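A.B. asks: So TrEMBL says this about it:
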| type | residues | note |
| --- | --- | --- |
| COMPBIAS | 510-523 | compositional bias 'Polar residues' |
| DOMAIN | 42-490 | domain 'Major facilitator superfamily (MFS) profile' |
| REGION | 494-523 | region 'Disordered' |
| TRANSMEM | 40-59 | transmembrane segment |
| TRANSMEM | 109-128 | transmembrane segment |
| TRANSMEM | 140-159 | transmembrane segment |
| TRANSMEM | 203-223 | transmembrane segment |
| TRANSMEM | 235-254 | transmembrane segment |
| TRANSMEM | 340-361 | transmembrane segment |
| TRANSMEM | 373-391 | transmembrane segment |
| TRANSMEM | 397-417 | transmembrane segment |
| TRANSMEM | 429-451 | transmembrane segment |
| TRANSMEM | 463-485 | transmembrane segment |
Amino acid sequence: MPFRRSKLNHRHHRDGHILVWDQRNLHESLDEQDNPKRCFATRYFVTFMLFLGMANAYVMRTNMSVAIVAMVNHTAVNEGNEVFDDECGDRDIPVDNGQDGEFKWSSSLQGYILSSFFYGYVITQIPFGILAKKFGAMRFLGYGMLINSVFAFLVPVAAREGGVWGLCAVRFIQGLGEGPIVPCTHAMLAKWIPPNERSRMGAAVYAGAQFGTIISMPLSGLLAEYGFDGGWPSIFYVFGVVGTVWSIAFLFFVHEDPSSHPTIDEREKRYINDALWGADVIKSPPIPFKAIAKSLPFYAILLAHMGHNYGYETLMTELPTYMKQVLRFSLKSNGLLSSLPYLAMWLFSMFISVIADWMISSKRFSLTATRKLINSIGQYGPGLALIAASYTGCDRALTLAILTIGVGLNGGIYSGFKINHLDLTPRFAGFLMAITNCLANLAGLLAPIAAGNLINNNPTMGQWQIVFFIAAFVYIICGTFYNLFGSGERQFWDQPENDEQKPALGAADANSNQPTRAITAQQ
């Protein structure tokens, strides 16, 4: 039975929810001629811009990890002597003879600098999720990233004139600007992408995170080596320009939703709106805070998310420093080689997602079993790799290979706990993601602080082994908790049939006598 257009097509911001039909017969219900298959459909352009936005966000997040290696005067920090580990015996380790930086910052201070960005990022997660529901997501996302990009230009002057705390303040403001990226991207996808396209489009957008890391690390290394104004400042100038250009283009060319877009093809607008809107809706229930607070599967996702962020941020912020201080890679090769693990993670995440879908669709594995098995690869893999890498000594090739494989396997989390919110509660998944992402980033910002205090100007293999062991055990313990208490089943506190049904606006029309079931999806 074809969809009927309703007045809700023009009132789709009501209560901050998108109204979605029961998806079981979606493909049969939509007329094929209403599904525009142009190569450059507007929703694909929006998806591409969101992909670039996610990439820019992760560039801004990770470029300091490489830049700080060039900024610090390691000789002065170590009182004229670089510290070597004596476990290498007679092995001849090539030493990076690159020029020292201009700042005498201890390892603990470097940890605080690296974590300052995340303080700003964390505190804006939930507020921007709420604001995006009420006022729309597009402008918060565009202007937030514009603030992030503009303040990148101030990083060099803040470091040189304001010292550690001036730099921390600027990075904190950059984190504030990046806060909207996850909640607002989620809201934009919900408004632009039909439900039957969300898996692949969502995966394409969030792949921008790894793509940004892959671009940022090697290019930052090259800029630090050959860039202008002393090398490392050019990292922030170049990426500041790129981010500013993207932000302006996003605000100018992208619109909040199909109905507000002035040039979208009418067939595409009708296709998207018919896929997202229904004539009558179930009353949107209040968030069941008490039930969620008592839900073990929710805590399983939360612990898995926190464990992943701690381990991931340990590697993302500290790997360039480890590769210089212990493995003795040059700054130029440091950035390129530091990006290899994230390239592996990007590729493996796409491969394993296909395997996970096959496991579910073939009915050989339950949804719960699939999530736990794939997530185990994603968290036990990097945990075991970190333990193994801590015993490889001075074998640089073996260490890099193990870390690349381990971080690559970490890509399994995208088909594990990262998507599990939707399994437990399709209607409150956005709220659950805001909570877990906020707390997980709090755990993540502890990683560089812990590593900096453990190393504390004593970058021996023994100290780095402690850093790796802590991250490994966090991965394994949190992954085990998820395996014990995680679930792929929809929870009892999110059952639409128990909701009070209420006609939507426009349902009083004469042709609206028979209520049609629909579900609400959080933006």
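Backbone N, Cα and C define each Cβ position, glycine as well.
I would like each feature placed in context: is it buried or exposed, what are its neighbours, and how far apart are things?
C.D. replies: With a cut-off of 8 Å between Cβ atoms, the residues of this chain six or more beyond the transmembrane segment (40-59) that come close are 141, 145, 148-149, 178, 181, 185, 188-189, 192-193, 197, 201, 204-213, 215-216, 239, 242-243, 246, 249-250, 253-254, 258, 261, 263-265, 268, 272.
Tertiary neighbourhood of the transmembrane segment (235-254): same-chain residues 45-46, 49, 52-53, 56, 59-60, 63, 66-67, 138-139, 141-143, 145-146, 148-150, 152-153, 155-156, 216, 219-220, 223-224, 227-229, selected by CB-CB distance under 8 Å and a gap of 6+ residues from either end.
Panel annotation: around the transmembrane segment (340-361), residues 199, 203, 207, 210-211, 213-214, 217, 315-316, 319, 367, 369-370, 373-374, 377-378, 400, 403-412, 414-415 of the same chain, lying at least six beyond its termini, place a Cβ under 8 Å from a Cβ of the stretch.
Counting only same-chain residues 6+ beyond the ends of the transmembrane segment (373-391), those with a CB under 8 A from a CB of the stretch are 304, 307-308, 311, 315, 352, 355-356, 359, 365, 399, 402-403, 405-417, 420, 461, 464-465, 468-469, 471-476, 478-479, 482-483, 486.
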A.B. asks: On the 0 to 100 scale, where does the mean pLDDT of the domain 'Major facilitator superfamily (MFS) profile' (42-490) fall?
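C.D. replies: For the domain 'Major facilitator superfamily (MFS) profile' (42-490), the model's average pLDDT rounds to 81.
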A.B. asks: Below 8 Å between Cβ atoms, which of the listed ranges 140-159, 203-223, 397-417, 429-451, 463-485 makes the most pairs with the transmembrane segment (109-128)?
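C.D. replies: It is 429-451, which has the most Cβ pairs under 8 Å.
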A.B. asks: Between 140-159, 203-223, 429-451, who has the most Cβ pairs under 8 Å to the transmembrane segment (397-417)?
C.D. replies: 203-223
A.B. asks: Apart from its near flanks, which chain residues at least 6 from the ends of the transmembrane segment (429-451) lie with a Cβ under 8 angstroms of it?
C.D. replies: 107-108, 110-112, 114-115, 118-119, 121-122, 125-126, 129, 182-183, 186-187, 287, 292, 298, 301-302, 305-314, 317-318, 421-422, 467, 470-471, 521-523
A.B. asks: Which sequence positions outside the transmembrane segment (140-159), separated from its termini by at least 6 residues, show Cβ-Cβ distances below 8 Å to it?
C.D. replies: 53, 56-57, 60, 64, 71, 103, 128, 131-132, 166-167, 169-171, 173-174, 176-181, 184-185, 188, 229, 232-233, 236-237, 239-244, 246-248, 250-251, 254
A.B. asks: What else in the chain is close to the transmembrane segment (203-223), if you only count residues 6 or more beyond its ends and a Cβ gap under 8 Å?
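C.D. replies: Result: 47, 50-59, 61-63, 65-67, 185, 189, 231-232, 234-235, 238-239, 316, 320, 331-336, 338-339, 342-343, 345-346, 349-350, 353, 411, 414.
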